[in-house]
Amino acid sequence: MRGFFVTGTDTEVGKTVISSGLAALLKDNNRHVGVYKPFLSGISRHHPDSDTSLLKDMSQTSLSHEDITPFAFKAPLAPYVAGKLEGKTVTMEEVLSHWGRIREKHECFIVEGAGGISVPLGEDYLVSHVIKALQLPMIIVARPRLGTINHTFLTVKYAESMGLPIAGIIINGISDSPDEDEKTNPEMIERLCGVPILGVTPKLANVTKETVLHMVKDHINLSLLMNQVGV
């Protein structure tokens, strides 16, 4: 299976904006792209503002909301914690079984995780274990500001310790008037981590299909990305 797994150095770093934008960009380049975000917490998958809805709209996939996100919980917490509150536990086998049912419906897939790669999804597995099982290269979405060097470095080193391939890093949310840390962090992260920076993307005032697509077109190196992940 061709594609990649989008994770982050933290929650709310812009994984879904980047994932959906890349899906739209691949679609724009005549790729038959699917999306899979197995876990969602804190909002209905059918809500127009949900991550699932944005991924579906931007990728133009025929997959249903339930196909894209089979496991949804009410509380805005880590999936394992939110699931326990509802008396639901999702096993790794269930995640992979659902993946097996949808993976052949598209030529390539963008899979999005929940939070960072150490977030617990079930009783005995983390996001990192799902990435390893799917055997897709990772794209790490990171913050631009102070502290991101440490967060990104730790994410990269943990991924490497798990034997997870990393396609690259996207620094998301640069302000209109970047501070010195925002200007210097991308180069420092690339040098310390030994992983290519695929793009540095601005903070969007309004998230729409048009603004997200323009953002990824203008600020992400698509040719480098496609070479890295084989799509």
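Placed from the backbone N, Cα and C atoms, the Cβ positions cover glycine too.
From a predicted model like this one, the values you see are computed outputs, not experimental measurements.
Look at Swiss-Prot and you will find Glu12, Val13, Gly14, Lys15, Thr16, Val17, Asp51, Glu112, Gly113, Ala114, Gly115, Pro202, Lys203, Leu204 tagged as ATP binding site, backed by sequence analysis. Summarising the environment of Asp51 (ATP binding site), the number of other Cβ atoms within 10 Å of its Cβ, over all protein chains shown, is 25.
Per Swiss-Prot, the feature Mg(2+) binding site maps to Thr16, Asp51, Glu112; the stated evidence is sequence analysis. Listed in sequence order, Phe5, Val6, Thr7, Lys15, Thr16, Ser19, Val35, Tyr36, Lys37, Asp51, Leu55 are the same-chain residues at least 6 apart in sequence whose CB falls under 8 Å from the CB of Glu112 (Mg(2+) binding site).
The DSSP secondary structure for Lys37 (active site) is coil. Annotated active site per Swiss-Prot: Lys37, in sequence order, evidence recorded as sequence analysis.
Under the heading substrate binding site, Swiss-Prot lists Ser41, citing sequence analysis as support. The Cβ of Ser41 (substrate binding site) has Ala72, Phe73, Lys74, Ala75, Pro76, Leu77, Ala78, Pro79, Ala82, Ala114 as same-chain neighbours under 8 Å, each 6 or more residues away in sequence.
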Ranked by how many other Cβ atoms lie within 10 Å of their Cβ, the binding-site residues Gly14, Gly113, Gly115 are led by Gly113
Additional residues around Mg(2+), ordered along the sequence, whose Cβ is within 8 Å of the centroid of Thr16, Asp51, Glu112: Val6, Lys15, Val17, Ser19, Ser20, Lys37, Thr52, Leu54, Leu55
Taking all protein chains shown into account, the Cβ-based neighbour count within 10 Å for Glu12 (ATP binding site) is 10
Other C-beta atoms within 10 angstroms of the C-beta of Lys203 (ATP binding site) total 13
Tally every other Cβ atom lying within 10 Å of the Cβ atom of Lys37 (active site). 27
For Gly14 (ATP binding site), what is the secondary structure state per DSSP, taken as helix, strand or coil? coil
